[in-house]
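Annotated in Swiss-Prot:
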{"type": "REPEAT", "residues": "56-87", "note": "repeat 'ANK 1'"}
{"type": "REPEAT", "residues": "135-164", "note": "repeat 'ANK 2'"}
{"type": "REPEAT", "residues": "167-213", "note": "repeat 'ANK 3'"}
{"type": "REPEAT", "residues": "217-249", "note": "repeat 'ANK 4'"}
{"type": "REPEAT", "residues": "253-285", "note": "repeat 'ANK 5'"}
{"type": "REPEAT", "residues": "327-356", "note": "repeat 'ANK 6'"}
{"type": "DOMAIN", "residues": "541-574", "note": "domain 'F-box'"}
Amino acid sequence: MSRRLIYVLNINRKSTHKIQENEIYTYFSYCNIDHTSTELDFVVKNYDLNRRQPVTGYTALHCYLYNNYFTNDVLKVLLNHGVDVTIKPSSGHMPIYILLTRCCNISHNVVIDMINKDKTHLSHKDYSNLLLEYIKSRYMLLKEEDIDENIVSTLLDKGIDPNFKQDGYTALHYYYLCLAHVYKPGECRKPITIKKAKRIISLFIQHGANLNALDNCGNTPFHLYLSIEMCNNIHMTKMLLTFNPNFEICNNHGLTPILCYITSDYIQHDILVMLIHHYETNVGEMPIDERRMIVFEFIKTYSTRPLDSITYLMNRFKNIDIHTRYEGKTLLHIACEYNNTHVIDYLIRINGDINALTDNNKHAIQLIIDNKENSQYTIDCLLYILRYIVDKNVIRSLVDQLPYLPIFDIKSFEKFISYCILLDDTFYDRHVQNRDSKTYRYTFSKYISFDKYDSIITKCYEETILLKLSTVLDTTLYSVLRCHNSRKLKRYLSVLKKYNNDKSFKIYSNIMNERYLNVYYKDMYVSKVYDKLFPVFTDKKCLLTLLPSEIIYEILYMLTIYDLYNISYPPTKV
């Protein structure tokens, strides 16, 4: 839709009549001016363009540079009719400053014209922040505006110091922030090509820019780039690494660039691998404290491929294992505390001890409950690790805290209750004893009504009675579901499959299915590994031939499904 022109001037007046200042202010500040218009021609010939307003000190040039309908063509007309580009208004900002920080779609040619009209060299203190403010404006205000490579080159060639600091930042700090935010969801920024970004950074370096300059928080530009959540592009990051930023500089929080990335709340596996590889190739072996911190901080963070990343880190840093502690906690403690189920699963596969206590005697379950920031995932994470908990005292302690657990999904909570009743024989009896207590009832008021809670427990308990009455060979279905030994459960596999389809079990069907699948896959992979290693077991030169096959099966059952899978299908090395 075309804009309607606003006419505020009477161009038919006699040339001897004075144009009022408020007319000029309105005209240049708010009107959509056509550079070929009779109006503009009338104004530039009949008005002193360098007359300053009493309060603001603005001239016609200042007013037009703040006009939302700014065009390069009108600015050229003003420059050709002798506007003074050196006049400072009360704000203290020179016209070239306003042009570079306020105007959109500015032409490199008008920038050169304005600079050439000013005889002062750009190295003068009045212009020292010009390049920094130009790039800063594209980062903070004019987000859809491009950073013109030619303008950057001209400003640097004219003597602007690329290392000038304002509020601790250099122009490169702001440029790296622009590069990071281009990829941030919802920013709607103009894309910056990698080739262009590389040329601009090269221009800075050619003019003596310090690539590792520190801001007030001790961050280099590369620190800032890596710390922006959800915005790092692998190809852009790879390009920035070609300038060999210093990986050993710690900011005021003790974080190197890699640690800034690890703590950014969003990690791409490929970028993590690239950063570590670059460090080890160009710097050398990473200090043990930094390695430890990388692994522990990674577990707290969202990542695109958590299993791949934790496997890579554990294999890369050989002196960090499941027993390593940082601030009194093992890797598994941190994984539980931050509800990182992918990492929990991996660490338990490689024999991490879920029942180990922290240095201040806290169990993993307590760490999950205490982390209020992740309260919406508390129940799901507790459900996830309950399959690994066998200590009855730990389960009883968890049951005692049930009234205080945050409930966001009633189905997950119901499943959680069913696990607790299955694993703790005393749960239902203790609940019945306290049922009439007002204090006990009141503790449930925050997340769920007591009646709802009581009905869930009653339903679960009634179904456990049915489990106890259901015979499975020489035992009951109740005992089978409480058993964690997949070797023992193998003999009940076919019965579990039958009960798995039994519609009479509405609450415990999920647990039956989990038990069945766990035993099924364990048995399947044990058989695969046994068949694969059979030539070894039967080789007369091998001492394993002395062992009965039953013992070999027992040994294989000690391995996790993950281990058995990797033996059956070894990962291919690229």
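Here the Cβ of each residue, glycine as well, is placed from N, Cα and C on the backbone.
Owing to the predicted nature of the structure, the values given are computational and were not obtained by experimental measurement.
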How do the residues of the repeat 'ANK 5' (253-285) split into helix, strand and coil according to DSSP?
20 helix, 1 strand, 12 coil
Under the DSSP assignment, what numbers of helix, strand and coil residues are found in the repeat 'ANK 1' (56-87)?
15 helix, 0 strand, 17 coil
What same-chain residues lie close to the repeat 'ANK 4' (217-249): Cβ under 8 Å, and 6 or more beyond its ends?
168, 170, 172-173, 175-177, 179-185, 194, 197-198, 201, 205, 211, 255-258, 260-261, 263-266, 268, 270-271, 274-275, 278-279, 282-283
For the repeat 'ANK 1' (56-87), the distant same-chain contacts (Cβ-Cβ under 8 Å, at least six residues beyond its ends) come to 3, 24-25, 28-33, 35, 40, 43-45, 47, 49-50, 94-96, 98-99, 102-107, 109-110, 113-114, 117-118, 120
In DSSP terms, the domain 'F-box' (541-574) comprises 21 helix, 0 strand, 13 coil
Across the repeat 'ANK 6' (327-356), DSSP yields 16 helix, 2 strand, 12 coil
Structural state census, the repeat 'ANK 2' (135-164) (DSSP three-state):
15 helix, 0 strand, 15 coil
Lying 6 or more residues past either end of the repeat 'ANK 6' (327-356) yet within Cβ distance under 8 Å of it, the residues of that chain are 295-296, 299-300, 306-307, 310-311, 314, 320, 362-365, 367-368, 370-371, 374, 377-378, 380-381, 384-385, 388-391, 394, 560-563
Per-state residue totals over the repeat 'ANK 3' (167-213) - DSSP helix, strand, coil
24 helix, 1 strand, 22 coil
Quick check on the repeat 'ANK 4' (217-249): DSSP residue counts for helix, strand, coil, in that order please.
15 helix, 0 strand, 18 coil
Within the repeat 'ANK 5' (253-285), what mean pLDDT does the predicted structure show?
93
